[in-house]
Amino acid sequence: MALSTSRAINHIMKPLSAAVCATRRLSSDSTATITVETSLPFTSHNIDPPSRSVETSPKELMTFFKDMTEMRRMEIAADSLYKAKLIRGFCHLYDGQEAVAVGMEAAITKKDCIITAYRDHCIFLGRGGTLVEAFAELMGRRDGCSRGKGGSMHFYKKESGFYGGHGIVGAQVPLGIGLAFAQKYKKEDYVTFAMYGDGAANQGQLFEALNMAALWDLPAILVCENNHYGMGTAEWRAAKSPAYYKRGDYVPGLRVDGMDVFAVKQACTFAKQHALKNGPIILEMDTYRYHGHSMSDPGSTYRTRDEISGVRQERDPVERIRSLILAHNIATEAELKDIEKENRKVVDEAIAKAKESPMPDPSELFTNVYVKGFGVEAYGADRKELRATLP
């Protein structure tokens, strides 16, 4: 498997700029330029790859660390809430994949659109959603981002260009192509990131949507988050050709180390520039989820604990940023631990506030069901009692 080969490589990013290797604390100048090299080269299909050299700053490094550790703490807390039966139904966690959400967000604006599948909590947070909105939604409360009606799989923040959160495998991709069509129709200089997993990569509708995007040169970026397992099925057992970045054939693609936030940032910056001028491109993010597929999956029956711990030790996205911050004397280990401690506190406070939010009124069952204006009648289970006329 390709993942085991990549594990043998030392993936820690290498600092290139001698000027910033001085022992002085760079935090005194948060805008100082630091040049880093991506952990691995980009592998490309029908396109010249971007440079491996990426510019950053102490401020951005610290922001990445804070954002990724906050996302991870949120997902760990969600795990505990689910086990305490405060979250019901489906719940898919994102810990391990944080570099994709954070790196992508660093390359785009809130006018660009993102649409994804059901592993959506961290994408929502990256788009500007709050922890209170996230936890309230997970617990089915009125103050949730979908008013407590969507749950884990249906987070939205339309005003920031986040269109969900979708529970049907692969069905979000055609919707994403529709968003890109609207952007081109309105002559906007923005793009849409349509995200899906390796488990959805064989869905027929994905190829149909990609063909349409290519035919009309739509500003669409298809992001395959390849965490190597579709539920419990390894990629090589489900796909004859698991090189998902080549799947478009006539559409260019890049394979990206999705555990390296700077590789993701560089690839997304490159992809946006390409899509605005030339149409769609595929980004395959080589990433890894630490939890099982969902809360009912222990995640250890189809992969070994050694495999999981090996990825944690050698490729963890948070530890990469921590190493880079320490190498450039931007912060001390104690200061980074203080940030993590503060994140823990912020998450705990958000959970407490979300618990105070009331449950939705039962009348909410009859809202947002049909397009307004049809006056559809809704009956009870016995079909005798008229419960409501839907607006």
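Just so you know, glycine gets a Cβ as well, placed from its N, Cα and C.
For the Mg(2+) site, Swiss-Prot records Asn227, Tyr229, and the single candidate of Asp189, Asp198, Asp257, Asp260 listed with them is Asp198. Binding of thiamine diphosphate is attributed by Swiss-Prot to Tyr118, Arg119, Gly167, Val169, Asp198, Gly199, Ala200, Asn227, and within the candidate set His45, His293 the record adds His293 to that site.
Residue with the densest Cβ environment among the binding-site residues Gly167, Gly199: Gly199, by other Cβ atoms within 10 Å. Under DSSP, Asp198 (thiamine diphosphate binding site) is assigned to a helix (H, G or I) in the three-state scheme. Among the binding-site residues Val169, Gly199, His293, the ones whose Cα sits within 10 Å of the Cα of Tyr229 (Mg(2+) binding site) are Gly199, His293. The DSSP breakdown of the compositional bias 'Basic and acidic residues' (303-313) into helical (H, G, I), extended (E, B) and coil residues amounts to 9 helix, 0 strand, 2 coil.
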